[in-house]
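Scroll down for the structure; my scribbles are underneath it.
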Amino acid sequence: MVRAIVLAGGESRRMGQNKALLSLYGKPMITHVVEEIERFTSSIVISTNEPNLFSFLSYLKVEDHYKGLGPLAALESAMAQSEEEWFLVAACDMPFINHKIYNEVFQNRGLYKAVVPVYDGRIQPMSALYHKDLYPLIVQLLEANNLRMVDLLNLTSTNYFSSFSNNINKDEMEKHFINLNYPDQYKKWQTK
């Protein structure tokens, strides 16, 4: 019913090296993401244009049909080869994600085509849920070179929600939405 897409195809320009493979607490950053997602769903795909780099992960690796066009292209490629109804996006540079937040995202789907958490006043499309019905619209956006996830969200029925249940504490919320994009951020969390 839900397939998680772990985004591991970025160029990591800001970090200067492949973020997904950086060691954090003794294992690659992407492993932290995958292990937490496994608590939400066992249907996981790794979106990468270099599948051999992730041979240590047992999940299907999917290359983008539209190379170099970012998360929207990854979503298209995962949807194209899967029968699941819903697709959860998770970025490899968010190693502190929490499955409880994904459970809440899923519970808030209702009749919407996209479900996006809002944290600290900002929408979080890299922790969002997208319905398979969006596939034709995603292709249309990619063909028009309109690559922003927010544009997809603006063109469909989207549930933006910011009220989370009490079973998610403040620390879990804050950590879930942390992206490690820069070397100084990575070093900070390496020492914690």
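Each Cβ is built from the backbone N, Cα and C atoms, and glycine gets one as well.
GTP is bound by Leu7, Ala8, Gly9, Lys19, Asp93 in TrEMBL, and the record lists one more residue there from Asp64, Asp133, which is Asp64. Long-range Cβ neighbours of Asp64 (GTP binding site) (same chain, at least 6 residues apart, Cβ-Cβ under 8 Å): Gly9, Ser47, Asn49, Ala73, Ala74, Glu76, Ser77. Residues listed for GTP, Leu7, Ala8, Gly9, Lys19, Asp64, Asp93, cover a largest CA to CA span of 18 Å. Sequence-distant neighbours of Ala8 (GTP binding site) (same chain, six or more apart, CB under 8 Å from its CB) are Ala20, Ile30, Ile46, Ser47, Thr48, Leu53, Phe54, Cys92, listed in sequence order.
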